[in-house]
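Here is what TrEMBL says about this protein:
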- 50-228: domain '3-deoxy-D-manno-octulosonic-acid transferase N-terminal' (DOMAIN)
- Glu76: active site, proton acceptor (ACT_SITE)
- Glu146: site 'Transition state stabilizer' (SITE)
- Lys226: site 'Transition state stabilizer' (SITE)
Amino acid sequence: MAGSGGDEEDDVAARRARALYTGVVMSITPLLHLSLQFRRLQGHSQYCMWLERLGYPSRKRPSGLLIWFHAVSVGEGISAIPVILHCRDARPSITILMTTSTAAAHSVLEQRLPPEVILQFAPVDTPTAVERFLLHWAPQAAIFMESELWPTLILQSAVKGIPLAILNARMSLKSFERWSASPMKPLVASMLSRFSLIAPLSNKEAVRYQILGAAPSVIHFLGNLKYACALGDSKKERSVGMTDIEAQLVDRKVWLAASTHAEEEEAIIRIHKELNKSVSHLLTIIAPRQPSRGQHIMIKLQRQGFNVAVRSDGQRISGSTDVYLVDILGELNHFYAIVPIAFVGGSLFQGLAGHNIAEAAAAGCIVLTGTDSDDSANASQDYLSDLI
């Protein structure tokens, strides 16, 4: 009886937490609609994106079974590709829908996904947008990548009887602490109890998911999909110009600083200056986490007297080039494959949380990270386990 009472209390707490969350989301919904109208009046290129974000589809739903994959950004979206390809090959008659939340991810996935995969923007997490999206697409299964825990999207999918899974499931300490805080813990427990499969990246994350309410029976270790994606990329034809770039590196001592943040680039340049004193023909390749910052980085480097070549401008690496700036999304795996040493950013300063080293490790680089990186630590353990 006591157990029954405890379950009822948990249900009440979960309903209260969801009501609070829904109230906050609904309060900002008018701002989303205002943004849509503003973009429409301005003739903004992202008008269609916001229509899809509000749950209005831009494609018809094909008849038959449909599997829905969702990834918020570029890395997560690329990680889903090996699974998508396997589903397509195993059941060619199934329609695959892929959703993402960022314009950058949409642009990269548009080039990387098979043409038969339907690519859309995911709905914002409001009841109306989510309901509109689910009614139109009516998926037979939903697969979320890494850490996509959106209450309305997950709970309304569960109500419609859609089986749910999380692949490459991540739960950073910061996210764990946030979800553990009252009144959010009952809400996340309610969400996690709806999943049929959670495939965490590490034991540590598996424990965090279970503490938050996931059933032990749904936790299964499937490995890191980013390794599969990186190995798959290495077997494909390289993107335009990559073979030529590799030829330009023949007589250079090269290292790559990948997924860097602004604070880290300051450190990277200091390292370059120090190395340049003893290493001849040194070339530092910088691939910022946000390629849109490329122009700002280039100007800053040039003001310091560096000779900079920029990937997006098609500039060649000459004997006098100090820094090669990679400001194009979707090419990082190709660069990992042609450099001997790679530093993976988001790890030098507290609060950045680190970025996954899986792609660099799978490409065979010597991988360097800073000390502030949960993701790198987990990936290192996973990779060493695979080797052993």
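The backbone N, Cα and C atoms fix where each Cβ goes, and this holds for glycine too.
Mean model confidence for the domain '3-deoxy-D-manno-octulosonic-acid transferase N-terminal' (50-228) is a pLDDT of 92. Geometry remark: Lys226 (site 'Transition state stabilizer') versus the residue listed as 'active site, proton acceptor', CA distance 9 Å.
Non-local contacts of the residue listed as 'active site, proton acceptor' by the CB criterion (under 8 A, 6+ apart in sequence, same chain) comprise Ala105, Met145, Glu146, Glu148, Asn168. Of all the recorded sites listed here (Glu146, Lys226), the one with the fewest other CB atoms within 10 A of its own CB is Glu146.
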